[in-house]
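Record features, source TrEMBL:
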BINDING   B:109, B:114, B:149, B:153  [2Fe-2S] cluster binding site
């Protein structure tokens with residue numbers, strides 16, 4: 001490990017570190033624009049100049065210079081100060097002085113660093129360069145005159161997203177960043193370039209001119225648009241969520257979030273349920289909470305009550321429902337709305353055991369029935385990393401456009417019973433083999449044959465567990481931990497013919513199968529569930545309540561409440577608590593802390609932030625055979641998978657323009 | 001250079017160039033060029049292939065050639081690389097024409113030595129014939145571009161027309177060259193200075209005089 005001296009302070013740095021990293025380890029701030037920890041080194045902004053001895057008597061770009069033994073690095077010398085001022089002046093030559101009308105203002109690297117490292121004024125009185133606007137789709141707003149050519153966006157789309165759609169045309173001063181023929185950026189993670197852009201060249205289109213960063217209340221939260229549980233920061237002002245940004249968590253989402261997680265939030269103000277509704281003569285009519293509770297109590301359901309949890313629900317809501325049903329004497333609870341009925345007595349068998357960060361290390365991966373790019377874009381990023389490291393990846397299921405080298409083995413699931421020899425050999429010979437089962441595989445009963453394969457390939461070994469199930473619902477693992485599942489799936493609930501059905505944000509249920517029941521929908525959006533319900537009780541969306549979420553790898557995470565729910569809407573647990581009173585039972589909690597304490601007392605793993613331990617995989621069932629075909633995946637439209645996204649104008653625009661190729665609607669049309 | 005931009009993509013352009021493929025001779029050449037690079041690195045061949053494609057377009061249009069968007073897409077597919085990367089290369093180097101050019105592409109050098117030796121007069125000569133920088137004349141004969149150094153500083157000023165260099169020019173000499181070209185004749189390439197062969201000293205030798213007859217060791221003079 002090389003020993004270097006940074007501003008007179010001697011430190012040891014890891015082998016392969018750059019001078020910039022050495023400076024950071026020594027606690028020195030080095031300004032930079034093009035350098036980014038998760039992207040390749042470009043060395044083209046020159047902002048990170050430092051003085052290094054031995055070496056030529058001139059400042060060196062520290063981001064691209066390897067730290068070597070005996071180097072004497074100075075970040076505080078006169079030479080460095082002058083070099084930074086010089087670079088800053090050059091960068092500002094062509095950068096417009098439009099900070100007052102720029103959305104990046106207040107959170108702009110260029111602004112901050114010019115204050116910290118630049119000269120006080122400008123000596124430039126020539127004409128500035130101007131660049132024509134570039135269209136990059138409905139999510140990314142461009143002002144390319146502001147671009148300082150750091151090429152972070154180009155490197156992101158090539159290296160992380162794996163879709164070469166952004167490039168730098170022309171050269172020198174005339175260089176312009178654009179997508180090919182100004183087509184919309186179509187990748188599911190495309191909007192991360194907004195965060196990467198150190199200036200205001202790429203900004204958020206839906207958030208344009210909405211707010212300044214210092215006006216916003218920042219709340220730490222968890223994304224519910226898929227089962228990855230990306231760590232997000234919810235920025236709100238007053239009662240409105242204005243935007244969502246990723247938080248850094250290397251174990252979960254690194255530094256990225258999907259476009260859906262980022263931009264579905266404008267759906268939180270549309271089609272909201274903010275009043276109590278009761279169906280009278282086939283039409284929903286406004287009512288009061290009292291009327292609704294009386295109507296529910298009037299059914300006299302007794303123990304004949306069932307509850308179905310939706311995909312976005314937090315653990316506390318489900319636990320409150322479970323307690324309520326328990327007090328009424330019922331255990332008819334289920335979260336797999338679409339009818340899946342895989343066994344859940346051992347949660348290790350339905351968990352992403354490799355962990356999201358761990359799957360990067362796999363060297364042979366078999367993916368069964370998962371359109372990963374749509375079901376979990378952030379897992380796709382990890383798989384791309386694995387493939388870049390040399391992992392062999394095979395897929396079973398209908399073909400989709402992968403962003404990594406992979407081989408499709410066909411739609412027919414029976415291929416699992418008799419895999420080609422080279423696949424078998426690769427998986428057997430791999431040091432860290434992994435299997436990933438998607439929702440389509442679970443629905444087709446591929447869990448048992450996959451477990452058999454896992455046993456055959458010895459997927460679980462010292463320090464490695466290669467058996468993975470990739471869920472799509474943020475609520476799924478939490479629901480399963482709370483026992484929100486029946487052996488036969490939702491069919492058991494239908495067979496029980498309950499008199500009262502509580503749908504907790506459940507929109508994908510086929511409500512026609514619950515014909516005789518009084519259907520009470522507790523949720524936040526007027527979607528399919530509310531349309532089928534007899535009574536609608538307005539609840540809270542994920543930004544409007546504190547909650548516990550468990551992601552697909554069994555990671556327990558907590559989200560905070562960012563804003564209050566609109567109108568008469570309440571936090572879901574309070575509705576269930578009030579319902580308990582109306583039905584004359586006690587559930588044992590009167591406040592949120594009590595509810596959470598009761599939940600943790602029953603499922604202790606939910607009280608510990610981090611990975612839950614589900615124990616060992618179950619033994620494989622002998623003779624389990626795969627059958628069926630995976631001709632399609634459950635997600636038909638990436639941008640419209642949940643009620644919030646379906647209500648979001650931005651997501652609808654993305655869906656019509658990016659997936660269905662419709663022309664952009666101009667304002668005049 | 002600032003107004004360099006790829007020729008807009010249009011249905012007409014697609015109709016004309018959408019079915020571009022290598023002709024027989026270039027097919028073999030392209031194969032040979034790709035084979036120069038290691039397996040899996042075939043995209044390194046993008047620069048020679050862009051040139052080859054430009055020349056093939058030139059043959060078809062009887063010009064120096066240019067690179068329509070569909071041709072770049074064909075190349076991207078041929079080399080199995082993203083088309084944006086092809087466009088990046090083509091738009092970076094000014095020797096790739098990304099918009100159509102006329103019969104003769106007049107490239108006047110505008111770097112310091114040529115300017116000192118009178119390239120402004122050469123540009124003026126071109127303007128008089130109706131040429132405009134970055135544009136093709138209405139008759140389709142001339143396209144004028146001001147380019148950076150072409151490496152003929154010893155015989156400055158110079159103009160490159162399609163692939164031929166014309167050096168030691170004056171306004172009159174350039175007029176003669178352009179007249180001949182317009183008439184369909186081929187002017188003498190290289191220096192236009194009478195009595196000069198290539199880039200040898202124009203007058204008496206002024207430096208390295210001891211080297212005329214034999215190899216002289218100048219090191220003792222340092």
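Yeah, the Cβs are placed from backbone N, Cα and C, and that goes for glycine too.
Within 10 Å of the C-beta of residue B:114 ([2Fe-2S] cluster binding site) there are 27 other C-beta atoms, taking all protein chains into account. The 10 Å shell around the Cβ of residue B:109 ([2Fe-2S] cluster binding site) contains 27 further Cβ atoms across the protein chains shown. Sequence-distant neighbours of residue B:149 ([2Fe-2S] cluster binding site) (same chain, six or more apart, CB under 8 Å from its CB) are B:109, B:111, B:113, B:114, listed in sequence order. Within the same chain, residues at least six positions away from residue B:153 ([2Fe-2S] cluster binding site) with a Cβ under 8 Å of its Cβ are B:111, B:113, B:114.
Residue B:109 ([2Fe-2S] cluster binding site) falls within a strand segment according to DSSP.
The secondary structure of residue B:149 ([2Fe-2S] cluster binding site), as reduced to three states from DSSP, is coil rather than helix or strand.
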